[in-house]
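According to TrEMBL, the protein carries these features:
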- 158-207: domain 'LRRCT' (DOMAIN)
- 210-252: repeat 'EAR' (REPEAT)
- 256-298: repeat 'EAR' (REPEAT)
- 302-349: repeat 'EAR' (REPEAT)
- 351-394: repeat 'EAR' (REPEAT)
- 396-439: repeat 'EAR' (REPEAT)
- 441-483: repeat 'EAR' (REPEAT)
- 487-532: repeat 'EAR' (REPEAT)
- 1-19: signal peptide (SIGNAL)
Amino acid sequence: MGGAGILLFLLAWAGAGVAWSPPKGKCPPRCSCSKENTLCEGSPELPESFSTTLLSLSLVRMGVSRLKAGSFLKMPSLHLLLFTSNTFSVIEGDAFIGLSYLQYLFIEDNKIGSISKNALRGLRSLTHLSLANNHLEALPRFLFRGLETLTHVDLRGNPFQCDCRVLWLLQWMPTVNASVGTGACAGPPAVAQIQLNHLDPKKFKCRATELSWLQTVGESALSVESFSYQGEPHMVLAQPFAGRCLILVWDYSLQRFRPEEELSAPSVVSCKPLVLGPRLFILAARLWGGSQLWSRSSPDLRLTPVQVLAPQRLLRPNDAELLWLDGQPCFVVADASKAGSTTLLCRDGPGFYPRQSLHAWHRDTDAEALELDGRPHLLLASASQRPVLFHWVGGRFERRTDIPEAEDVYATKHFQAGGDVFLCLTRYIGDSMVMRWDGSMFRLLQQLPSRGSHVFQPLLIARDQLAILGSDFAFSQVFRFESDKGILEPLQELGPPALVAPRAFAQVTVAGRRFLFAACFKGPTQIYQHHELDLSA
């Protein structure tokens, strides 16, 4: 509503033929008053002494710099309040508290640049609101909370910056019965002069992710895995120099992770957990002395070694993975010895026994279990050839294809997004790669410079599909998968403290908090907490 419209509105409100004569002792200086209506112009401060039956108040060209909390407590009967051509720039919280009958609030053609999210609190009868032609670049979220009676809102003529700060407003407008006039955006340049109500809220990216350091676990580690046992999250670290698999749990009183149990495992490279009801298994893959299977039959017992695994086949394990085949749990252990063989071990009675030898003589460095086209697959990376993809056919793994353009790949990890399957391929020298499955093979999608990398680990944390590229020579890089672009975009560096030769990452959620573990070969394991930041707040 413009100035002429407001004037006509006030004339109609005052009623034709009503004389503006001040009640004795109730009309402040520079004001014209009647029993129910008052107009004040040029006052250096906010007038206070009005009739208790005042229904309409108009304030023009006043000298106050801000509207403070409780400014109108002495006028509880107001139905209409108008400000125009004033110099105040700030409206504080609860500025209109006590005006429970106010229906019309017009704050137009002023210099307002800041308004509290609680400024309109208590206006439960408000139907018409105008903040038109001020200096507002944004409005605080929840400004209109509790104003269920609104039917008209005018926000036009403000230099709105149509960034994340207006997202809540775009999401609010379709949810209310009020007609809302918003006007055009003043910036950023990409959307300048576009009508605010023409913007698509779905195109705004107003969430930020941050990983902040929380805790250090003193000994170095080669692998880290998360698992849930008896309803509680656990982490297990493979610590070769300490010669153990270390199991950690969350201490609710200290608000940090603490050791729960450790398994003796000299030269261990991987500690792989498997939970079957009340029973817990840990496969400890060891470089020397034979790989072992540990078991706990019930929660009140400790883990004990129950089996030496395939001592003639597993000569130099480098990685272990868990997979389910035909309804039964299996482990696959990648063997890096020239004379060894990557081995599939499946449960048979009380233990796990060799089901198939794979890829002999190729010095495999990594195994990755994944599902493609509804069937189990296995991807093996080795020191001697490109990664090879196997599929499960007739109770065994058969070679399906290899991955082109992928030489010198140390490790492979996969993730799913938007119905597609992606691979993160780690290369120590050269560029690590992201590939996507096209139905017949994996094809190159993206290359990321990597120097001294042994791990390129995708992780789904909350709603964020992340991938962390470790480095022995520089900071490790965190990327986030942007679904609209179909690629990984840089998010942040991990550190300080710096990760020293990172080898594995894993995430766990405890009591609504999300944590990232970074296992390091030449330094302590570092624990980070995942935070989501709302940039539209």
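Including glycine, each Cβ sits where the backbone N, Cα and C put it.
Just so you know, TrEMBL annotations are computer predictions that nobody has curated.
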- Item | Stretch of maximal Cβ-Cβ contact with the repeat 'EAR' (210-252) [cut-off: under 8 Å; candidates 351-394, 396-439, 441-483, 487-532] | 487-532
- Note on the structure: Long-range CB partners for the repeat 'EAR' (256-298) (under 8 A, at least six residues beyond its ends), listed in sequence order, are 214-215, 217, 222-223, 225, 227-230, 234-240, 243-250, 304-311, 314, 316-322, 329, 331, 333, 351-352, 515, 527
- Query: Could you count the residues of the repeat 'EAR' (256-298) that DSSP puts in helix, in strand and in coil?
  - Reply: 0 helix, 32 strand, 11 coil
- Who are the long-range neighbours of the repeat 'EAR' (441-483) in its own chain, taking Cβ under 8 Å and residues 6 or more past its ends? 207, 209, 211, 389, 401, 403-405, 410-411, 413-415, 417-418, 422-435, 489-495, 498-499, 501-507, 514, 516, 518, 521-522, 530, 532
